[in-house]
Amino acid sequence: MGIKGLAQVLSEHAPASVKHNDIKNYFGRKVAIDASMSLYQFLIQVRSQDGQQLMNEQGETTSHLMGMFYRTLRIVDNGIKPCFVFDGKPPTLKSGELAKRVARHQKAREDQEETKEVGTAEMVDRFAKRTVKVTRQHNDEAKRLLELMGIPFVNAPCEAEAQCAALARSGKVYAAASEDMDTLCFQAPVLLRHLTFSEQRKEPISEYNIEKALNGLDMSVEQFVDLCILLGCDYCEPIRGVGPARAVELIRQYGTLDRFVKEADRSKYPIPEDWPYEDARRLFLDAEVLPGEEIELKWKSPDADGIIQFLVKEKGFNEDRVKLGINRLEKASKTIPQGRLDSFFKPVPSSPKKPVDTKSKGSAKRKRDSNKGGESKKKR
């Protein structure tokens, strides 16, 4: 779900924190991509003309593999070095949101069966997309494909977005890429959205900078996280009557959620009983992640035979197209630079100016003058 209305808040209150770039602007960058979000996106978007998920002759879903293969090709074609991060176990606090999702899936399946009988094609498609769920098999097959492609991946102990943010904070990658805005709550220095969208959508990459967001909002990291919880996140249900504008106003008025919960008018703001905002805050500020510094990311040459065996012989992909994709991978692995030039230069703190030693400067000048005189004598 992410954070409700956060993109709107940043565009209004911290416009300098948001910019939109062409994918080519990220040539030479390393990016950690939320694989679980990407797979969900592929299962929804990569479909046949009749709106159904792609399948092979055995009836196995292949939308996730088609998306992972060709969207990753587009990324490496543009000189980006991706690594993918997969979800681990969900935090206990997320069980409420997960239960709601299961209920929504079940309701959507029932509605889908009804609309197949009496509804339009558009209605059937809409309800079909609500039933999408990323399974362990989808994850395992995506990991197998990435390994064959020579693209590194990381198994996060918990939330993939949090691990992407940790990799970006450690400097192992330039940015975290996800459609979930809560990646910023995990203190990703830079968040990229729309990186794994199809080229046909012609969507620019939206880049969010956390430091500029905090400056624009005039908030600390803790206040920003409190704001996001108040907006509504996966860990806490939103408070009725509190939209984006009101949430910003309340954090500025009370400073913290602690004061808001303690002092706010409950008749005006019906805060749920046992509202776990403190636990949510802790999950954002102290997420369970692998230390980014200890993770080694290695990009390798693709295993052409392995890719053909998996995608063509096992999953029924078109062999000619897959071979063209392999050629693109091999070309990218040879041409993508180790790093951008600007990554080698870090700002150096300016040292205080030293007082000018006029005496030594004068003596140096006299020495230069005498040398010049000596040289001119020699020339004569």
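Note: Cβ is positioned from N, Cα and C throughout, glycine not excepted.
Binding site for Mg(2+) 2 per Swiss-Prot: Asp180, Asp182, plus Asp234 from the candidate set Asp140, Asp226, Asp234.
Among the candidates Asp34, Asp77, the residue that Swiss-Prot names alongside Asp87, Glu159, Glu161 for the Mg(2+) 1 site is Asp34.
Note on Ser301, Ser351: Swiss-Prot annotates phosphoserine at Ser351; no matching annotation appears for the rest, which is not proof of its absence. In Swiss-Prot, the annotation phosphoserine falls on Ser350, out of Ser48, Ser206, Ser267, Ser350. Between the CA atoms of Glu159 (Mg(2+) 1 binding site) and Asp234 (DNA binding site) there is a gap of 11 Å. When Cα-Cα distances from Glu161 (Mg(2+) 1 binding site) are compared across the binding-site residues Arg71, Gly232, Asp234, the shortest belongs to Asp234. Mapped onto three states, the DSSP output places Asp234 (DNA binding site) in coil. What surrounds the Mg(2+) 1 site, by Cβ distance within 8 Å of the Cβ centroid and not counting Asp34, Asp87, Glu159, Glu161, is the set Ser36, Met37, Val85, Ala156, Ala160, Ala162, Gln163, Cys164, Ser178, Asp180, Thr183 from the same chain. Just so you know, the Cβ of Arg71 (DNA binding site) picks up 21 other Cβ atoms within 10 Å once every protein chain is counted. Across the region 'N-domain' (1-105), DSSP classifies residues as 55 helix, 19 strand, 31 coil.
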